[in-house]
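Taken verbatim from TrEMBL:
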- ASP231: active site, proton acceptor (ACT_SITE)
- TYR316: active site, schiff-base intermediate with substrate (ACT_SITE)
- 16-112: domain 'Copper amine oxidase N3-terminal' (DOMAIN)
- 160-561: domain 'Copper amine oxidase catalytic' (DOMAIN)
- TYR316: 2',4',5'-topaquinone (MOD_RES)
Amino acid sequence: DVTVQKYGGKVPYHRRPVTGKEYVDINTLIQQELRKAPRFLDACCESNGTDLAILTTAPRGFKSGDRTTWFVLFHGVAGTGYYLSPVGLEVLVEHGDLHVSCWRLHQVFYNGQYFASMGDLEDAFVANLLEVIRIKKPQAKAVLGSMRPRHPPGSPGPLQYEPQGPRYSIRDNRITFQGWSITFGMNPNSGPRLFDIRYHGERIVYELSLQEALALYSSNCPGGMSTRYLDGSFGIGRFAYELVRGLDCPYTATYVDRHYLAESETPKTNQNSLCIFEHDAALPLRRHFSDSQSLYYGGLRKKTLVIRAISTLINYDYIWDFMFHSSGAVEVQVHATGYISSSFLHGQGTDYGNRVGPHTLGTMHLHHIHYKVDLDVDGQLNSLETQDMEYKLVKDPWSMQNTIERPYLRRERLEREDEAAFLLNAPMPRYVSFASPKPNKWGHPRSYRIQITSFAGEHLPTSSPMERSISWGRYQLAVTRRKEEEPTSTSIYNQNDPWTPTIVFADFINNETITNEDLVAWISVGFLHVPHAEDVPNTVTVGNGIGFFLRPYNYFDEDPSVDSPDSVYFSSEQDTGACGANPLACLPPAVACAPHLPPFHYGGFLNL
């Protein structure tokens, strides 16, 4: 039994993710119940209920075995996101019984008050015992959050293209580019994953994979305050749809189909849902202008290979980037965009976010993302080393009556897993490296450094009964010994039973030795998001990017980008306008013609 083998026992059926069919049956039940309050719905929302959008929350209850979900109702307007138009009505549905006929609406919330049923809500309205906020049905042209253009298109902006075609090559699911070699894939649950990342033939990373994306909300409405989305349970890879050429990725990027099997007996295809391109950052990777002793200029443009996918998880869109630099560095980044989720503004709502519309509260939330990084630095056996600076007060050797604060480098090798579990938002050594036992030319261990860029919110308190299901979030970085029986930090079953989680990441950390072992780095990045007026219609990617670098640290004997054929060097004694002396001078004749662009086509609305 592979389930018993993987999880150590049977997985209870109540932990299963909610399927599309189950949501259809729930919506049918909610529509039946809404018909019990026709006068209230007409007064509050100018609706009979059939045109209201219904949004799920998760998890679904308070203890193992519960399957009771708050659903939030919004005005639905064709052609725009409904997430900014809550009507103030939320319903609690019990749907744990295996017989749909036994499901029931358990509770109703409206504008700060709770009712046992829609009938009770209707009675309170008829008896004039209910404060109703009358919201007109929004019109498509004036709805809050419309993304329709307000002006006709202007002249085209800058366009990036390859004058002589792509400089990378793709064969099946393997990419090669200027010394890099990467195998790429997409897990329908956990999303993008890369394997066997090599630079100039040497493996650096065995596995680099997204594990989970957590969105934890606050509100004074029940749906918002109880929401802790674990997006892997919904399907980070499954909902990575077709990319829009020229906007989601450069127009001339290479677009690749991804396939998955979920809720079907036949595979499904997300066409053009992953893109690969070379990116010119319009920034030098390195450069120097010499104005003394001898006059020369040398430099290299920062160009990277990018592998990208974008997942739409209900309201949010996550842009997943994996970038490969000619310096031997790997950069991983995620940007959040799309619509914020919102609650109906009532009472002390602004204690939990900002008002962003007439009746809309943009609710405070955090995004925490987890990655697995199985580094193999010059072989599988590595150790973890840290370095940081301290000041030491010393006497000046040349003037003993005076002192100087001299920085010195504090080096340490961490011996056990407990030492290598760095709590979220706690101080951490600035240099943390996977080190090989083999030295480089200068006698230092060949290493790769982990450098994290994150603005994470606060992790859920460990006293919470569901905290163990997201215990990976306790740590900004945790390094453990690699084990076949610990392939992932979470499970799709953790969402609907976080109180008895199927996988508990914290149990991976059991103080085993990590010296000269096959090690894995588990990295958490995140940010706190307090929505504001400028999040309408969409959250922008500016300032909402987080991630990490894997940077060579004494791995090479010098910067490997010196071997790049794109390097530029010329001196004052040369004719800088001559193509033979300066490759930049070769560009005008080489790129005299505009590129031939393929016709625009988009099939992303098919097969939803």
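Glycine is treated like the rest: Cβ placed from N, Cα and C.
Residue counts for the domain 'Copper amine oxidase N3-terminal' (16-112) under DSSP, helix first, then strand, then coil, are 29 helix, 29 strand, 39 coil. In sequence order, GLU212, ALA213, LEU214, ALA215, SER311, LEU313, TYR318 are the residues of the chain that are 6 or more apart from ASP231 (active site, proton acceptor) and have a CB within less than 8 Å of its CB. Shown in sequence order, ALA215, ALA336, THR337, GLY338, TYR339, SER341, HIS367, THR539 are the residues of the chain, 6+ apart in sequence, with a C-beta less than 8 angstroms from the C-beta of TYR316 (active site, schiff-base intermediate with substrate).
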